[in-house]
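The next block holds one structure in the form of structure tokens; read it before the comments.
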Amino acid sequence: MPQSSLPPTPPSAMVIVIFFLSSAALLCESRLSLDYYSKTCPSFNKIMQETITNKQITSPTTAAGTLRLFFHDCLPNGCDGSILISSTAFNKAERDADINLSLPGDPFDLIVRAKTALELACPNTVSCSDIVAVATRDLVTMLGGSYYNVYLGRKDSRSSSASSIEGKLPKPSMGMPQLINLFASSGFTVQEMVALSGAHTIGFSHCKEFSSNIGNDTHYNPRFAQALKQACAGYPNNPTLSVFNDIMTPNKFDNSYYQNLPKGLGLLESDHGLYSDPRTRPFVELYAKDQNKFFQDFAKAMQKLSAHGIKTGRRGEIRRRCDAVN
């Protein structure tokens, strides 16, 4: 029986070829660039900066809320602005899923303001998902965090379903194995997960998310636990009661979140887990000692997250209104 004179292709070589071709296809398809709007909307950066600055000055909690909005949009199904779509009589959208009901109103208001101004200057040009990505980066930088490049050209999702994000976002009560698996399923390493957790250096959490753990979790500093009990005493009657995630520098983007964890000053069960689990503790200790390293790794992880699951070309649209499909 005649045999081919060519030797069989090694499996490793096949993997390299496939990876190269898929990477090339992805780069060709994505069409993202830093200057995507330079010709079609030259006032994009100026409008974004003015809108973001004005909103943050009048509502200082906007930065933390927008960072959380970005995270809740991107991690489950990609950065496509699906979190912004309102529910209808026929569809329960992502923003009305139980895990998203605590998202504050300020970031939604910021996106509406930016989109309105951009539609006046450059109609039907800038996507809502690009607005969310840039607003998040600029607000993190405004509070002292590191600047990172945001590549532009995302298209907006044409759909949003609360059921589509089930089990795809971290919950305060999750243990480390669950959290690690959740991030891994979206392509993020343990170190990237720990770096992204540093977002808790700003913002706050509602008492209902951690109050049941205060008396049972021995990881809390005793004096801190007592203070939390007092601060959250009335939360059954007032579900809006909340506490800063980082009690030391709550309005500054820095590495004190990691410095708090060994002292028992973490707020959520997942915060304590980062320090107690041997897989994540080395990264907590690294970032607690080296803020520059945290900033560097946070920026890389955010840049990766901002390109996660994006829609380009005909797979998405430029919404005229961010809260509704065209």
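Yeah, the Cβs are placed from backbone N, Cα and C, and that goes for glycine too.
TrEMBL does not curate its annotations; it predicts them automatically.
As given in TrEMBL:
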type	residues	note
SIGNAL	1-30	signal peptide
DOMAIN	31-326	domain 'Plant heme peroxidase family profile'
DISULFID	CYS41-CYS122	disulfide bond
SITE	ARG68	site 'Transition state stabilizer'
ACT_SITE	HIS72	active site, proton acceptor
BINDING	ASP73, GLY78, ASP80, SER82, GLU94	Ca(2+) 1 binding site
DISULFID	CYS74-CYS79	disulfide bond
DISULFID	CYS128-CYS322	disulfide bond
BINDING	PRO170	substrate binding site
BINDING	HIS200	heme b binding site
BINDING	THR201, ASP246, THR249, ASP254	Ca(2+) 2 binding site
DISULFID	CYS207-CYS232	disulfide bond
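When Cα-Cα distances from CYS74 (disulfide bond) are compared across the recorded positions PRO170, THR201, THR249, CYS322, the shortest belongs to PRO170. Of the recorded residues, SER82 (Ca(2+) 1 binding site) and the residue listed as 'substrate binding site' place their C-alpha atoms 18 Å from one another.
Put simply, of the recorded positions CYS41, ASP73, GLY78, HIS200, CYS207, the one whose Cα is nearest the Cα of ASP254 (Ca(2+) 2 binding site) is HIS200. The number of other Cβ atoms within 10 Å of the Cβ belonging to ARG68 (site 'Transition state stabilizer'), over all protein chains shown, comes to 20.
Looking only at Cα atoms, the residue listed as 'active site, proton acceptor' sits nearest to CYS79 among the recorded positions CYS41, CYS79, CYS128, ASP246. The Ca(2+) 1 site is set by ASP73, GLY78, ASP80, SER82, GLU94; from the centre of their CB atoms, other residues of the chain with a CB within 8 Å are CYS74, PRO76, ASN77, CYS79, GLY81, ILE83, SER129, SER157, SER160, GLY309. Between the C-alpha atoms of ARG68 (site 'Transition state stabilizer') and THR201 (Ca(2+) 2 binding site), the distance comes to 12 Å.
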